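Record features, source TrEMBL:
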COMPBIAS  482-504  compositional bias 'Polar residues'
DOMAIN    9-91  domain 'RRM'
DOMAIN    101-178  domain 'RRM'
DOMAIN    185-263  domain 'RRM'
DOMAIN    281-360  domain 'RRM'
DOMAIN    510-587  domain 'PABC'
REGION    457-510  region 'Disordered'
Amino acid sequence: MASQGTRQNTLFISDLHEDVTENDLVQFFNQKMNKDLFTSVRVCRDHTPPNASLKYGYLNFRSSEDAEAVLKRYNYEKLKNKQFRLMWSQTDSKIRENNEGNLFVKGIPADYTTKQVHEHFNQIGEVSSAYVPDRVGLDNKKYGFVQFKDKADAEKALAQLNNTKLGDSDITIEKYRSPDQAEHKTAYVTGFDETIKEDTLKEPFTKFGEVTKVTILQARNSALIFHGFVYYEKEESVKTAVENLNEKHKFNDKPIKVSIARTKKERLRYKKMLREQTRYRNLYVRGFPLEYTDEQLKQLFAQYGEITSCRVMRGENQVSRGFGFCCFSKDEEARKAYLELNGQKSPDSETELYVNYAQSREERRITSHQKAQRQMAQMGPGMMRFGPFFPGSPGMQPMQQYSPGFGRPQFMGTPTQQLTPPSSGMYPMGYPPMMMMGRGMPMMPYGRMPFPQAGRGMPYGPYQQVSPGQIHGASPGHTASPGHTPSTPTSQASGSGSEHSTPGAQGLQPVPVDTQALAQMSPDDQRQTLGEALFPQIEKIDASFAGKITGMLLELDAQELIRLLEEPTELLGKVNEARQVLIDAQQSGQIIEN
């Protein structure tokens, strides 16, 4: 029967197939039991679109007897060819998170299922739940977890079944430790050079406990950076070493940094926790001179309060990437620095500082996408002709489509007037509102120009009339530029109206950028250079929208563009966001291609 703290008529179901719905569960169990079992059934889903299944849910039965019968008879059955798990729903979160009765089992035979492991351990005492992933190791064995209802039964199983046979395999059992409970017996050390050997590194650490091993490794991306690991016999020794040695002990007059070595998952979780704690204390800053050190950047902010950390971000060979982070001890100190320094010139440069609260990549991605959607929605239907307007400058000028290979976009005039490029700042990238259709085929945004003057903005011959829907495809009346093959849609969602299939990123590789050379250029030249590097990358992802998307991304700041070039996965995400904005605008009538 259900134990104290559980819902008497409710079972928790997990490991569901992603396509399983409430109706599937109702039909499956009602047919098995040949009766109407449920008062309600719920499959939990993500609260954001597309509302994907979280692969777990709750079954609320009419009686506790029915719930218990289903638990005993149908636990670990398959639905849509995937084995699910059942257990009593636990209302007390402290009990749910308590791992006292949880065991970790290694050496499970590859052909054993979760149900078989459950039955094997159930001989010792009542098992609340068991789980054996399908993954098989190099030794052709599996691992799994067994949770007992009673802690005493778990202790008994550990004593009786550890180092015994399960099938034809020897299994080992130990108490399960959550990531927060994991033992950490290793110190991670940085800040020393190649002159420091293992014996030298080991010496200061021996004062705090027995050291079992020391290793020194060279950084993958630099021959000048070294880091080491010091392994202790006891966990307490590591904590004491960190407290006494971090930034206090020196090698060659340079302080070393000592921390507890953690797994990648632990580091990511720690970063997430730290980001939440410092959300309104950590500032992102750029616009300071490239030769700035951490200390010089710290001095820039020191007048506003106590700084807990300050760092200039550096790339290969320790060259400044032109931005950094400064974290204050209090929220109000960071806010004051943000309000007073943002937009001001740094003491050693004529460049304006950009200061804002630091965000993670995912937060920046979500913010960028939401902002674009809001600004698109504000324009209203019918406002976008020949392509999307780029929101951001007064009057909502149309976004231009980038066309590489011809320098800056050509300016077209009517037979009686030639447009003159306005000063930088009036329009995005300093150019008048215009759209580039295809490659090198300029077009004025308002109305059509029947006969452009010879030699003005028409690198490939006379202007061609374009019918609605022909912008992204080769068809009569639209001559594609040399070297450009329009994309052909390969799939179309029913009723979506989209002409484009999901983009890919075949052969996308990081593009190195000479940041020092870029820093010497004017803003216009920077965008031109970055645009020429971006367009081929974006064209590999989505050739049909490449020009428009490049134009959209060129409105980002230079440091963000450099990051996108250096990190293809980030670029792919940005391109897909921009592409979706364009498709949404098409479908809602905000882009009228006529």
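Cβ atoms are placed via backbone N, Cα and C, with glycine included.
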- [ ] Grab the pLDDT values for the domain 'RRM' (281-360) and give me their mean, rounded.
- [x] 89
Task: Tally of DSSP helical, extended and coil residues in the domain 'RRM' (101-178) - done: 20 helix, 31 strand, 27 coil
- [ ] Tally the residues of the domain 'RRM' (281-360) by DSSP class, grouping H, G and I as helix, E and B as strand, and everything else as coil.
- [x] 25 helix, 28 strand, 27 coil
